[in-house]
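Read through the structure below, which is laid out as structure tokens, and then see the notes.
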């Protein structure tokens, strides 16, 4: 697999020519981001970083990732409805992790008041790497599942056309024809549209809840345009706007600027930095409303790392998905080793193992958005510092997945063109809509391949480490 494009990689002049074509094609196709210098202005934009060549992905593992996505949709939804499971699982975490604790307080407050929301929309992305065993066989292993603001469904809808053009220019028309179509933005919009329809008000709007800094706006616009094409009105607001202009009527319908909101689609709200006291107030207002939240706060909690670790314990999946033995088997096949650092003998042993062999593990806090995990000596240093403290329960430990590297060029503006040893991460988008207790939609909605140089341990595209890619199935 590592030698997929070896003939091309040897031809420096050809690579330079292909890179020029690739960048122009990406700009033409709309694979765009705003610049770091002007993150809220679209007058000057640049291409989002991407690979020159599509990366080889084992066909069997790609199909396995798609086959399990509807199972993961069901699992996330089941967790979000199971108060007892969430309370028990997050009990130790909320004592030491203030961010998770604040989310949990809103969750319990809304439940005590009684849910006004009857339509539930989930958009998640399950991320995997291909673990290479000692004998060279590869296995699909889940890194995490993102249940809030899972991004790049828009831009990755446009990258296959870029890679097709590059391969044709390199004299590889047959390989170009094998690249799969991929349109997550359409699939995600279908889920939002279904939730909007079930809400039952033609005049209501979909609200994208967005960050103050919006470099990745074109990724969101892809989904937005799909909704406009269905004559569904979209507004873009920040937490601050909700705090200043949002209100609920007696039926807990949400209004902002006089417009009724049917669906709130979060593209922010997943890290502590997204919140100040006013933003927490705004979040509570949104959660108390009748609008379909994507995600509602229970679903955001279902995506925490502590929940991910708890799911690997014997019997837990069977309890959450009763009577679904095949789903349980498919989900469990993707798990790697995940370990609790709760205080007690089990947690002590786990911490000691990681301190003794830090290169075999990843230390993960309860955070989304990339760039938060700890590896190697840094992992050892942090664990030694907190090994006897309750603070360690805000982390989980995971076996380090070890993929087989391959060579590629990572195209970034103002960066030299050089070949890199790379590893890839495959994400599958899932969309589901539930009305009351009835699952109305449960789909996989496309994929995202991100690739990074092996010297970078952690971080995604938005974090500036990984780049967009297209799978070439082998």
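Placed from the backbone N, Cα and C atoms, the Cβ positions cover glycine too.
Residues annotated as substrate binding site in TrEMBL: 125, 148-151, 214-216, 220, 267-270, 450, 461-462. There are 25 other Cβ atoms within 10 Å of the Cβ belonging to residue 461 (substrate binding site).
Residues or ranges marked as ATP binding site by TrEMBL: 144, 305, 364-373, 375, 398-401, 425, 452, 458. Residue 400 (ATP binding site) counts 20 other C-beta atoms within 10 Å of its own C-beta, drawing on all protein chains shown.
For residue 368 (ATP binding site), other Cβ atoms within 10 Å of its Cβ number 19. The annotation Mg(2+) binding site is assigned in TrEMBL to 144, 146, 368.
Summarising the annotation, TrEMBL assigns domain 'Glutathione synthase substrate-binding' to 204-302.
Ranking the binding-site residues 365, 375, 452 by the distance of their Cα atoms from the Cα of residue 461 (substrate binding site) places 452 first. For the binding-site residues given as 146, 151, 220, the lowest number of other CB atoms within 10 Å of the residue's CB is seen at 151. Each of the binding-site residues 270, 375 was scored by how many other Cβ atoms lie within 10 Å of its Cβ, and the smallest score goes to 375. When each of the binding-site residues 125, 149, 268, 371 is scored by how many other Cβ atoms sit within 10 Å of its Cβ, 371 comes out lowest. Confidence across the domain 'Glutathione synthase substrate-binding' (204-302), taken as the mean pLDDT and rounded to a whole number, stands at 97. Cβ crowding, taken as the number of other Cβ atoms within 10 Å, peaks at 452 among the binding-site residues 144, 215, 365, 452. On the backbone, the CA of residue 220 (substrate binding site) and the CA of residue 452 (ATP binding site) stand 23 Å apart.
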